[in-house]
Structure formats: C-alpha cells, structure tokens
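Annotated features, as they stand in TrEMBL:
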TRANSMEM  124-146  transmembrane segment
TRANSMEM  158-191  transmembrane segment
TRANSMEM  203-224  transmembrane segment
TRANSMEM  251-276  transmembrane segment
TRANSMEM  344-365  transmembrane segment
TRANSMEM  397-419  transmembrane segment
TRANSMEM  494-513  transmembrane segment
Amino acid sequence: MELWSRADPQLREVVWFSMRCRALALLLQAKPLVSQAAFNLLIPDHAADAFSPPRLGPRGPWDALVERLLGGLGRWDAEHFLFIAERGYLLEHNCAFLPLFPLGLRLLAGLLPWPVQLQPRSRLLLAAALLNALLSALAAAALLALGRAVLRRPRQAFLAALLFSLSPAGVFMAAAYSESLFAVLAFSAMWQLEKGRSCLSGLLFSLASAARANGLINAGFFLYRRGRRFALQLRAGPASLRALPSVGKRLLSLASSAALACAGIFLPFALFQYYAYVRFCGPGAGQAVPEPLLQLARDKGYRVAGAAGAKPLWCSQRFPLVYSYIQDTYWNVGFLRYFELRQIPNFLLALPVTLLGSWAAWTYVSANPRHCLTLGLERRKSEEKGKERDGFCGPAAFVYVVHSTALLAFGFFCMHVQVLTRFLGSSSPILYWFPAHLLQEHEPLLWSTETDNPTSGKPLLGKSPSSCGKGTSDNPVVRLLLNWRSITPLSKSILGFFLGYWLLGLVLHCNFLPWT
C-alpha cells in the first residue's frame, strides 16, 4: 500500500475518495439513519406503478434489517436485476436488462460466506452494495488513466476522475444497477485502445455490450481508429499507380479487421437475443413458477417463459429482437414519442446534462473547426512538428466528443429523456472532462499550487502547506467545496449540479420517486 501511494498519489486519492463517497451514499439511503428518516417523513415512499415482484418465503429479522439498511438500492430497474439474479429470465420484459450484471450478483452472492440465515434477495442486496462500491472505484481509476492518455494533462484528468465519484448519476452507481459495471468496462476498454492494445480493448468492449445495449455504439471507436490510421497512411504514402495494389490490400485488411472487431463487440448482445428467442419462442416445457408470480403476470400482462398460448409477435419477425420489442411495447420508447406536454418535468430534469453536453460539443467545434470538418482524418502541422495540442480541446478528444454528442442526441429524441444523466454519466468521459476543463480554465483557486488564495491572499482551506512540492495530491474538489464562498459562480454551478443531483438522487430514487 505504501509503495502504491508513493508511486501514484493521484490514483490513491481517486480510489479512496470514491470509496468514501460510496460509503456516504450507503449511509444516507439507509432508513434507520436520522437524515433518511427525515427524508422519509418529508417525502414518503411513492406507490410507483413499477415492477415489484412479491417477496416469497419467510423473512427473518436479519432480512428486515438488510431491507431497512439497503432497501433503497433495490428500487425501479434494480428490481429487475435482483429478480433476474434470483430467478433468471422468467418474464419477457426482464429481457430488456442484459445478463452480465445479474450474473455477477448471483456469483458474488453465492461465493460470499454469510454468517446468518438470509433470503436470496437480502444476499443479493448486500452483494450489489459491495460489488458496485468496488466497481465504481475501479471505474474512477480507469477514467483517471484514460484522461491521462487522451488529455495529457494529469491535473485535469485527476480532477475529472474525482468528479466521477460525485457523478450526478451517483445513486445509480451505488444501487443494484449495471451503470458501475458498464463504466469500468467502457472506460478501461477506451484506455486500452489508446494504449494500442486492441485485443484487450475489444474483449472489454465486448463485455460492456453484455452489460448494457448502448455498448454496441462503442464499436465506433474501433472503426474510427482504424479508419483514421488508414487515411493518414494514404496521405503519407505515394500516389502512383504502382501503389494501388498495396492500397487495395490495406483496404481489404482494414475492412476485415473492422468487421471482426464489430462482430466481437456485437456477439454477446446477439447471443442473448438468441437465448431469449429459445426461451420465449421455442417449444420448451417451461419451469415451475410460484403462484404469486403467476398472479402478478396475469394482473400486469407479463408474459411468462414457457407459458402455453400464442407466441409473442416478435418471434415471427425477420430479425426477432426481443430488446427492441420490449422497449417499444412495454415502455413506448421511440423517436419523438416522449415529446408530450405532461413530460415537461422530465425534460427539465434532463436540462442540465443536455446543456452541459451541448456546451461541450460547441466548445470543441469552436476550438477545432477544421479538425471537425475533416473528421480528424488529416494530420495537423502542429502534430507533424510534435507540438500537438493537449487538454479537452486537443485532437485526441475528438472521437469522445462525437460519441458523447451522438448519445445525447439519441437519448434526447428517442428515449425517456430523464435517463440522459445516467446514460451519459456511465458511458462518456466527456461529462467529467468538460467540467474539469471549465474549472481549470475559469477557477482561480485551481491556478495556483500555493496555500494562499490567489485573489484574496487568505489561507486556503483543504490544502496543507506540507502537501506542496512533495509528490502528494490534495483533493481539488474538496478544496473548492471548503472554499465555497471564494469560488466563481461558474464553479458553484458545476459543483452545485454534481452535488445537487447526487444528493437528490439518493432522496428521490430511494423513496421510489421518479429520477434520472
């Protein structure tokens, strides 16, 4: 541990800050705590029309305790993940949730020694709290490494990784959701790709597509990297007729490698669609289902695997994709379907992340108009001279800005817009790189490494004189929060958004109220 802290104090601070934030989140959502009791008094649990399977089997006092301590982690979509981990894909609409995270929960719950007798749901809740605490710390560490590779500004990468631990989607990083797992896989895959390790990156991207469907979009990173390399080779190589056969071979090699990479990333998703087809469209005899679950399926119109009767409509489609069918039929997801007057509150909920993502794209395009028009497929003179621009506005961040903007546009027009915050927060580093860029560019307290406020000359809180120049890392986020009155309005807006959504998410989500 001492060797690790000496070798990389920033990494140590990122991991410990993530663990402290996750522990605080778990404490705040626990019902016996005074703060959560006050929240429950002011905002009682909402009787949401969401999936809520009946609790089967006798509940002991330890199960009741776990439910009171960690029950807030099992709201909304977490009910699906916990149900799948316990009983498998028993109901058709459970197939909207991919299997990697519930499989991890089931394995961990089965491997951990339990000193007391607990029901499966209680064990799964404990496993989810432990697993996501670890995964969120690993995701923050992966984001730090990715930021260093892309931004080439260690302090900016460090600040962005710290902001990840206070993500506006923080409640979903702690709850029994797949966001933390997806984040660590996606950020690690991006980092490995930046390091030139294509095989390991492809494996991680493939695993990410087994956790969340939007992992399929990550194939674009492989396609862009190979396409850009090919375009730069063409510009640098000879243009004579003799070179055409060589160009053809390289083009064929590019196409085959790109197809192979995309096939690897798409494979887990395709295999799961096939599994769902066999499960719900095949002639299987099904499995014994407890009567309370059958009654729930009858009351809500859920289709049970192996049930007698007509096959689902999607089974007869040319490409039987259960995922698309569920999104369309159960949740009415589609282009402009959410554009209704009654959804204005949800659009307001997504407004901060929409503005932040749009501002990030505009800032990047404004700083690099030619680079964006040419899709980054031509080498700048500064790159040729070895003086490539770094930071958020550097050319290396182009593909990440495109990725973030594509997710933002798709989510805004085609999804339930309130999920945009967690959709971007677990998928794109831009949500953390751009605020870190703004803070470093416009916050005077981050310009100086001294212990005094550069504007007032007063000593800064949150930074000790002994930390200067000795290779240790103070926490700039904590420093800004402790000097709240001294920071700029822009810094207050950014930190207010991160902290406000982090705290409101815990309060509302854990009380079964709609959140991002």
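Keep in mind that glycine also has a Cβ here, set from the backbone N, Cα and C atoms.
Where the annotation comes from TrEMBL, it is an automatic prediction and has not been curated.
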Under a criterion of three or more Cβ pairs within a distance under 8 Å and sequence separation of at least 6, are the transmembrane segment (158-191) and the transmembrane segment (251-276) in contact?
-> no
Outside the transmembrane segment (203-224), six or more residues from its ends: residues with CB under 8 Å to it = 98-101, 178-179, 181-182, 185-186, 188-190, 192-193, 258, 261-262, 264-269, 272, 323, 399, 402-403, 406-407, 423, 426-427
Please figure out which one of 251-276, 344-365, 494-513 racks up the most CB pairs under 8 Å against the transmembrane segment (397-419).
-> 344-365
